Amino acid sequence: MYDWLNALPKAELHLHLEGSLEPELLFRLAQRNGVALPWPDIDALRGAYNYHNLQEFLDLYYMGADVLRTERDFYDLTWAYLQKCREQNVVHTEPFFDPQTHTDRGVPFEVVVNGISQALEDGRKQLGVTSGLILSFLRHLPEEQAMRTLEAALPYRDAFIAVGLDSSEQGFPPRLFQRVFDRARAEGLPAVAHAGEEGPPEYIWEALDLLKVLRIDHGVRAAEDPELIARLIDEQIPLTVCPLSNTRLRVFDHMRDHNILSLLDAGVKVTVNSDDPAYFGGYVNENFHALYEHLGMSQAQAQALADNSLDARIAK
Ligand code: ADE
Ligand code: ZN
């Protein structure tokens, strides 16, 4: 079963490039850039990977991203992730990046986007991994800053396939970002948004009705609202679910409690993704393995999940 799962062609639709920064590369970049780290060594950093909720993880994730300074750093980060895709038979990926995490530290937008884009292009040519980049806004910051980020991105319009919304969810509903998503749509950019990870089903309704998203990132709390589930099934709106992330951030206490296969069997278009693999203990295939081990996922269910991922691509 493991070999079969590993060989299954699949797409990854929910991956934060900053969350694919493995501790070894993090320490290497810190040394290369002369950045002082709060952890004495890799083991100490790994020891800090013990979170009780989304915010505790995000605090660490933003600290880790501080080692990313140059175009080459963003290239190396993206290239390392694409090699994982190749190893895991992820034939297509639509990764997120958070420009504000970098521009707010003084790293120019073009440094970030050029490094990532060059690696994605080399990934297409040298590894055969197709891709489309998603520019994600940080929802814990004001909408005006997201709007300025979108304006800074427009000269690089061809580097993106969509915009997204991530970071701390509770208290930062999608409705706060309606104008920036309207503007992105007017520029021809489709949208996705994190909703229903820690936040309530209402945030999923808002993402659909106000931000007009094509996919919901996470969305597992939709299960609390039967009317919403009926809509997701009726409109076949994809959910980019991240099982290892959800258990590490205590959205579910244990993998055996995860609702991904119940949603699949009910007819929701769910997909399997790794979110922040360096921080949550696994890439896409390890997420599939966990569903097999703890939820008894069948080959037919795994095939349906992989087929959904390829079908739910924005970049076709
Ligand atoms: N940024 C990186 N990972 C995230 C997640 N799981 N939820 C919200 N924002 C994120
Ligand atoms: Zn995410």
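Every residue gets a Cβ built from N, Cα and C, even glycine.
Predicted, not measured: the structure shown is a model, and the values here were computed from it.
From the candidate list D104, D122, D265, D275, the residue TrEMBL records in the Zn(2+) site shared with H14, H16, H194 is D275.
Put simply, H194 (Zn(2+) binding site) is 14 Å from D276 (substrate binding site) when counted between their Cα atoms. Only D275, of the recorded positions H218, D275, D276, place a Cβ under 6 Å from an atom of ligand 2. Counting Cβ atoms from all protein chains shown, E197 (active site, proton donor) has 23 others lying within 10 Å of its own Cβ.
With respect to their backbone Cα atoms, D275 (Zn(2+) binding site) and H218 (site 'Important for catalytic activity') stand 9 Å from each other.
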